[in-house]
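As recorded in TrEMBL:
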REGION    1-48  region 'Disordered'
COMPBIAS  1-29  compositional bias 'Basic and acidic residues'
TRANSMEM  57-75  transmembrane segment
DOMAIN    59-464  domain 'Major facilitator superfamily (MFS) profile'
TRANSMEM  95-117  transmembrane segment
TRANSMEM  124-142  transmembrane segment
TRANSMEM  148-171  transmembrane segment
TRANSMEM  183-204  transmembrane segment
TRANSMEM  224-244  transmembrane segment
TRANSMEM  282-300  transmembrane segment
TRANSMEM  320-339  transmembrane segment
TRANSMEM  351-367  transmembrane segment
TRANSMEM  373-393  transmembrane segment
TRANSMEM  413-433  transmembrane segment
TRANSMEM  439-459  transmembrane segment
Amino acid sequence: MDEKSNLEDAKAREYFGEKKEEETLKLPTEDPGSSTGDPSPEGGQDQHPTRLYKRRWVIVLLFSCYSLSNSYQWIQYGIISNIFVKFYGVSSFTIDWMSMIYMLTYIPFIFPVTWLLDKKGLRVIALVATGLNCAGTWIKVASAQPNLFPVTFLGQFCCSFAQVFILGMPSRLASVWFGSGEVSTACSIGVFGNQLGIAIGFLVPPILVPNVDDLGELAHHIRIMFYITAGVATFLFILVIFIFQERPKLPPTKAQALARNIPPEEYSYLASFKRLLCNKPFILLIISYGLNVGCFYALSTLLNRMIIIHYEDQEVTAGRIGLTIVIAGMVGSLICGFWLDKTKTYKQTTFAVYFMSLVGMIIYAATLNLGHLWVVFITAGALGFFMTGYLPLGFEYAVELTYPESEGTSSGLLNCSAQVFGIIFTISQGRIIDDYGTLEGNIFLCVFLLIGTIMTAFIKSDLRRQNTNRETKQAENCDIPNRKVEGATVIREARF
């Protein structure tokens, strides 16, 4: 071995340390998917190999399905609130809490759940989520009697607890399984399931539970609805047990590969949480996201009440209007996801969608009482396209602003803000509607959407994840391979 090679070996050992001087990289014997790893300039294997697995689409679709099953139950009481008021003999405000319990439960439990996500991973969280959701649906099956409102509330509480294990998952799942050019699309698909569940929650309960006067017949219809929900939840729980996988063998991106290399003992959940709270752009996003999504929660919870005031005996129509809002939002979510993957214009897209949510809310408020349902359908659809389409934008923008912090923690804080504002807005708007009318209640929401739009304009766009992926690739392209020894063993000098 000549002196030049010895000198290069010494430099490599000095840089990497005695135990990390060589890294043996064996090429996989079979192709599990498409590879995103870049070969070294001299034909050696990448120091941080990455690979996309076809199984990632199965994982994200399964997640979307059990998220759907859970979010459907959030609105299944509220969209036919007048029927449940009659069946259980409780007040409208009490039935509003069947939706608000989803928001209230999230606030205290999100922090231990995000800690559990960081410690135990995606599979454990998925199992707990589907298990709790399944249990809640079967409890509700036993509650289809007029004197068993506490039982049905217990079942709804179980489902709301399951939601804590679901809402923060899309961005984490997208980062763990998907490449940098498709994370926004994957996150949109994850949120898509939640939105589709809400859409079904608007559509199906008014069809399955007609507004009849006989309580015995009404109990029969409610029980059928609960049985269908329980059957679907049980099937999805079984699928998660046998199919859902923690993470791919090889990471999908350079950023994810670097995140995997952080030793567990060097990660502190509390320290990460403190860093997030000191991140000023992220704090602005937390508040603005909460204002937008909180308005959506209030609008969805009180939709039946607002429609019935102006269009009597139109429970089914109220459900269809809610369906229109969410379906339009699902389209908006997917379009925004594709757009972000192509352009990476996070701030511009987020601000534009937020501003159009404000415009849509103003138009919806001004046209609700005109007496023309077709106008309400159009304005509600336009509002939903932007307001509901904003959901995945907030998740992905948060991950960009906070990388390399845990996606579960950043998403958890966003959702916590949304739940807090959702409760405040639902209670406040409900009181305003009762005392003054729907126009004043909707103007109340418009004011806070205006505040959120202004705050979004002041968020500094620091795309840390995109910058890390770009800089890592540039650094590896500039790496100088020291030499090749014995087949697939490569020593390379990394300049990160």
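From the backbone N, Cα and C atoms, a Cβ is placed for every residue, glycine too.
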Which bits of the chain, at least 6 residues beyond where the transmembrane segment (183-204) starts or stops, bring a Cβ under 8 A of a Cβ in it?
56, 60-61, 63-76, 79, 166-167, 169-171, 173-175, 177, 225, 253, 300, 303, 318-323, 325-327, 329-330, 333-334, 336-338, 340-341, 388, 391-392, 395-396, 399
What residues elsewhere in the chain lie close to the transmembrane segment (351-367), defined as a C-beta under 8 angstroms and at least 6 residues from its ends?
288, 292, 295, 332, 336, 375-376, 379-380, 382-387, 389-390, 393, 438-439, 442-443, 445-446, 449-450, 452-453, 456-457
Paired segments the transmembrane segment (57-75) and the transmembrane segment (439-459) in contact, 3+ CB pairs under 8 A:
no
Any chance the transmembrane segment (439-459) and the transmembrane segment (282-300) are in contact, meaning at least three CB pairs closer than 8 A with a sequence separation of 6+?
yes
Where among 124-142, 224-244, 320-339, 373-393 do we find the most Cβ pairs under 8 Å to the transmembrane segment (282-300)?
373-393
Long-range neighbours of the transmembrane segment (373-393), counting only residues six or more past its ends (CB under 8 A):
170, 184, 187-188, 190-191, 194-195, 289, 292-293, 295-296, 299, 307, 311, 314, 317, 320-321, 324-333, 335-337, 340, 346, 349-350, 353-354, 356-357, 359-361, 363-364, 367
